[in-house]
Amino acid sequence: MNPQRRRRLWWVLALLLAGGLATTLVSMALQRNVAYLYTPSEVLRGDAGENSRFRLGGMVEKGSFQRASGALEAHFRVTDGDAQLPVSYDRILPDLFREGQAVVATGRMQSGVFVAEDVLAKHDETYMPKEVADKMGSAHRKHDVPAAANQGGALR
């Protein structure tokens with residue numbers, strides 16, 4: 001093998017190695033930042049996995065919101081119509097956060113309580129995140145809730 005071919009071979013191998021390393025690093029970064037959406041029923045069934053970071057979607061259960069006066073930490077329950085999951089959040093809640101409204105929270109389970117790092121509330125009366133609407137729709141079908149009750153909140 002002449003020196004020019006050998007040099008070209010080394011360059012090709014170096015580029016392949018660099019490409020493989022870059023692909024591996026990007027893949028690892030994306031895996032760490034992925035947070036799948038689960039309903040309270042799916043979490044209680046064990047679908048979310050222990051110590052994994054995920055998004056919890058559903059409705060804030062009416063009458064469940066609690067916050068001590070002067071404190072930032074809030075406690076509430078998220079429901080999908082079948083199950084309720086207690087949530088703890090120690091930051092400022094969005095202005096549109098209310099009981100009976102759709103919410104998507106990102107965080108982890110700790111001792112039976114979902115500890116949220118981030119909470120997103122729906123932004124108007126007619127919108128519900130598509131993923132939450134789909135998962136809530138399956139709960140409605142399970143309980144034979146009329147289709148009209150499910151159609152008002154889903155984004156089309």
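Yeah, the Cβs are placed from backbone N, Cα and C, and that goes for glycine too.
Note that the structure is a prediction, hence the values are computed from the model and not measured.
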Check: What range among 69-90, 135-156 does Swiss-Prot record as region 'Disordered'?
Finding: 135-156
Checklist line | Integer average pLDDT (0 to 100) for the topological domain 'Cytoplasmic' (1-8) | finding: 87
